[in-house]
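A.B. asks: Here you go, one structure.
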Amino acid sequence: MGPGPCRVPRAPGWLLRALALMVAACGRVAFAFNLDTRFLVVKEAVNPGSLFGYSVALHRQTERQQRYLLLAGAPRDLAVGDDYTNRTGAVYLCPLTAHKDDCERMDISEKSDPDHHIIEDMWLGVTVASQGPAGRVLVCAHRYTKVLWSGLEDQRRMVGKCYVRGNDLQLDPGDDWQTYHNEMCNSNTDYLQTGMCQLGTSGGFTQNTVYFGAPGAYNWKGNSYMIQRKDWDLSEYSYRGSEEQGNLYIGYTVQVGNAILHPTDIITVVTGAPRHQHMGAVFLLKQESGGDLQRKQVLKGTQVGAYFGSAIALADLNNDGWQDLLVGAPYYFERKEEVGGAVYVFMNQAGASFPDQPSLLLHGPSRSAFGISIASIGDINQDGFQDIAVGAPFEGLGKVYIYHSSSGGLLRQPQQIIHGEKLGLPGLATFGYSLSGKMDVDENLYPDLLVGSLSDHIVLLRARPVINILHRTLVARPAVLDPALCTATSCVQVELCFAYNQSAGNPNYRRNITLAYTLEADRDRRPPRLRFARSQSSVFHGFFSMPETHCQTLELLLMDNVRDKLRPIVIAMNYSLPLRMPDRLKLGLRSLDAYPVLNQAQAMENHTEVHFQKECGPDNKCDSNLQMRAAFLSEQLQPLSRLQYSRDTKKLFLSINVTNSPSSQRAGEDAHEALLTLEVPSALLLSSVRPSGTCQANNETILCELGNPFKRNQRMELLIAFEVIGVTLHTRDLPVLLQLSTSSHQDNLQPVLLTLQVDYTLQASLSLMNHRLQSFFGGTVMGEAAMKTAEDVGSPLKYEFQVSPVGDGLAALGTLVLGLEWPYEVTNGKWLLYPTEITIHSNGSWPCQPSGNLVNPLNLTLSDPGVTPLSPQRRRRQLDPGGDQSSPPVTLAAAKKAKSETVLTCSNGRARCVWLECPLPDTSNITNVTVKARVWNSTFIEDYKDFDRVRVDGWATLFLRTSIPTINMENKTTWFSVDIDSELVEELPAEIELWLVLVAVGAGLLLLGLIILLLWKCGFFKRARTRALYEAKRQKAEMKSQPSETERLTDDY
């Protein structure tokens, strides 16, 4: 029975967080991977300026003593013990110590002999290679020079030379490998053959083969040489290609290996030619009988001057048993992309060939010389795949990029970048110029990396152990939570367990390791629904010590008022390995077992879920069926297909019906956290919602909570009222985006776009200050040709129209136009009302000139528009000049004669009209339009002298001219009129002659005398007597009554 859960001592949450922060602050958590940059082995040149580190190699010495050595070439180092030579170059062997200056010079017993050879500046150490564990060492000097015919006619041949030394770096005369001359070039030929071959520019070992590159052979076409030993047999091979041109530099770099283009027992030579056709190439050469290397394939570069092929490396990147090829092009560039240097990765096609195009192209930053060095460094993280190092020595102080591989080949992104400037080494520059790996020098089962430079420094980077975390279990109990069963101290219990092993598989690696972990409840939701009992928050920080501790258990509590009970609560865990690393560089070979790193290929997090108990079927999964219908309504709550908008439009309604009913495709179960989201335009402002409190507005977003849950077969109708506040002339429609959402399962909820088309109705008004004017005609007839001024035409008229603004500026969308149906002439073609000028007043004044030259067509001189005074012999026949002008005035002529009047309009056919248009300005102010005209006096005298009054009518219309179909305006029309009266001429009485007066008086007196005489004759002047008067009175007094006519008639019968 296994051990039970182990509980850690309780500690306050703040203390645990403080500890985590303290560990992180005091130590450095490895952000890269497992090449250590704090515990370094650094070696410096004995003689500065010697290019110590130009070439490097890791070597394991097993003869005479057991030790690992760092080999460094210094091709510009000073000569030793030779009076004829200043510089020869050297190779140094450096032990793994904390000292920088304890390297020893390798003994190469080559003495100067100017008559036979020159070793001055021969660049000894340009190439350094180790044969591997218990193997030999190869050292080359590619500028070693042979002297022919010394004296005045001496000739020199820079053929180069390589030296092989034993495992202890000493010369063993009994070893054929070391005593063989290794001079593959014939110094008796000139540069067109092998007289300038520069053997040793590159070279290396296999178990039974030593190989060299000679890029100067054959006029610098170059060549590659290989010496193979099998038992007691020795075979020499060289490439005799058909290339005739020079300057290819074949052999600039060389690698030899098996399982490249042939099975494991056949060798393939891979050699670079960085100047092939100016773009570089890599030759793959097959070993043939007779000592020839036969060309099998050529991989060509893609950019002129990139130096493709100047560095190559072989490694089985995908573990398919075949070696893959990496080729450097350090001077590759892409100006726009800021790229400088490239590495081409060619994946082996199971021994058949390599593809012509790279499977992967890695780039470095501009001017970095990325790819000038490439090395297969072994499996530094022990994940089962080979890793690669690429140098970029001119990026800052130099960088080394570490790439891991997988079953798919090399990974595109580097797993670690070592920065030269961050190593803290004074004087270090061009870090990464040379590389050597594939050897575990501190014997921790992880291969290490030696990095050289041109600044007289070499640096050993050792690999730290990699830890695999096992059994990263995180279990929550119960998995289905019933809130009713929670207590005050526990609701959910979480158990986490860890174990580890070393990636290299060392069973004895049992270091005490403490993981720092973080648990977070409901990480993707705020506010969280669970909290840890110990930290009183949704986050808990803790530590886990291994291998002693196996598991820990933590209690969680449920928050109050949890709404979301549909989605599970995710409890996430992540962990790290905080280590206390030194802040400063520590030199020496200190063990790195105490500083492991976590395997970055593993996920450093885990999670588990806690579900709420729900009534959503046996699978505890709610399958809802929310459906929605929506429509716009008018203010009268009638369906609205288009909005006829005007400034009087205040409200707009949106009706939404939401249902959750079962269907044949969906179960229609409860919809948890059902929500309706509306995205409305800025022209609509939320006013009210029915039912109230359902929706909340946030700028242009409206959120409506439908229910939690919105139950099966539930229906809801929303009536949302908007205030229409921002509709402009540019508004064509009002789009509203409606989106239903729920935390239940429903994958067919798509947004619905509801669009209401808008017709904008402008509101403007047209008014006339005086609809009915009065004027007159009279006088004499004047011909049109005789008229010079407007006063010659007749009496003046003045109409003043007023237009109120439309509110929104029309700008380029349209124009308001005032049109006049103007009574221009009578039916016989004579002038009627002669327009003299039209003026528009709004933020200034300007004339209106309708088309057709209809305003003042005779170009008469205009005068003061005031009323023309009457002549002394004329007066207006108006009885009540202060009376109401809107009713027909009563004139003197009408009072006396009441003669008839006539009406002239275009509608009754008695007048002819023309159409005058005046575009009005786009302004927010009131616009006034003044129309001035003259009554054509001659026409009225000639044709209407028999009428006491003539009335002339016209019409004015305000309308909108636009090409936008959604903008309209109701035409505004008003009438205008003028009453034109004829004038009364009063003639004064003439003087009468005196004699006529006297005759008339005399005749009157004679007539009066005759009348008096006649009356006298008739007794008119006689007086009655007194008695007769009295009798008459008495008789009259006695009379009672006179009989009627009827009585008289009856009395006669």
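Using N, Cα and C of the backbone, Cβ positions are placed for all residues, glycine too.
According to Swiss-Prot, the signal peptide annotation covers 1-32, on the basis of similarity to another entry. Swiss-Prot lists 33-993 with the feature topological domain 'Extracellular', giving sequence analysis as the kind of evidence. The N-linked glycosylation site annotation in Swiss-Prot covers N86, N501, N512, N574, N606, N657, N699, N859, N925, N928, N937, N971 (among others). Taken from Swiss-Prot, the feature disulfide bond covers C94-C103, C140-C162, C185-C197, C486-C491, C497-C551, C616-C622, C695-C704, C913-C918. Per Swiss-Prot, the feature repeat 'FG-GAP 3' maps to 185-235; the stated evidence is sequence analysis. Residues or ranges marked as repeat 'FG-GAP 5' in Swiss-Prot (evidence: sequence analysis): 294-355. What Swiss-Prot lists as repeat 'FG-GAP 7' is 416-478. For C1018, the entry in Swiss-Prot reads S-palmitoyl cysteine. Residues or ranges marked as topological domain 'Cytoplasmic' in Swiss-Prot (evidence: sequence analysis): 1022-1053.
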A.B. asks: Whole-number answer please: how many Å between the C-alpha atoms of C551 (disulfide bond) and N606 (N-linked glycosylation site)?
C.D. replies: 15
A.B. asks: Have a look at the recorded positions C491, N574, C918, N925 and say which one has the shortest Cα distance to C162 (disulfide bond).
C.D. replies: N574
A.B. asks: Using DSSP reduced to three states, classify C1018 (S-palmitoyl cysteine) as helix, strand or coil.
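C.D. replies: DSSP call for C1018 (S-palmitoyl cysteine): coil, neither helix nor strand.
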A.B. asks: Quick check on the recorded positions C197, C622, C1018: which one has the highest count of other Cβ atoms within 10 Å of its Cβ?
C.D. replies: C197
A.B. asks: Check each residue in the chain of C616 (disulfide bond) that is at least six apart in sequence and keep those whose C-beta is under 8 Å from its C-beta; list them in sequence order.
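C.D. replies: Listed in sequence order: C622, D623, E669, D670, S744.
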A.B. asks: Which one is it: of the disulfide-bonded residues C185, C197, C491, whose Cα lies the shortest distance from the Cα of N606 (N-linked glycosylation site)?
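C.D. replies: Its closest listed neighbour, by Cα, is C491.
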A.B. asks: Please report the number of other Cβ atoms within 10 Å of the Cβ of N574 (N-linked glycosylation site).
C.D. replies: 15
A.B. asks: Compute the C-alpha separation of C197 (disulfide bond) from N657 (N-linked glycosylation site), stating it in Å without decimals.
C.D. replies: 91
A.B. asks: Reduced to three states, what secondary structure does DSSP give C94 (disulfide bond)?
C.D. replies: strand
A.B. asks: To which of the glycosylation sites N86, N606 does the lowest count of other Cβ atoms within 10 Å belong?
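C.D. replies: Among the glycosylation sites N86, N606, the sparsest Cβ neighbourhood within 10 Å belongs to N86.
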A.B. asks: Rounded to a whole angstrom, what is the C-alpha distance between C913 (disulfide bond) and N937 (N-linked glycosylation site)?
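C.D. replies: Rounded to the nearest whole number, the Cα-Cα distance is 18 Å.
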A.B. asks: Taking DSSP three-state, what's C616 (disulfide bond) in: helix, strand or coil?
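C.D. replies: The residue in question, C616 (disulfide bond), is coil (DSSP, three-state).
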A.B. asks: Quick check for the class: what is the C-alpha distance, in angstrom and rounded, between N86 (N-linked glycosylation site) and C140 (disulfide bond)?
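C.D. replies: Given the Cα positions, N86 (N-linked glycosylation site) is 18 Å from C140 (disulfide bond).
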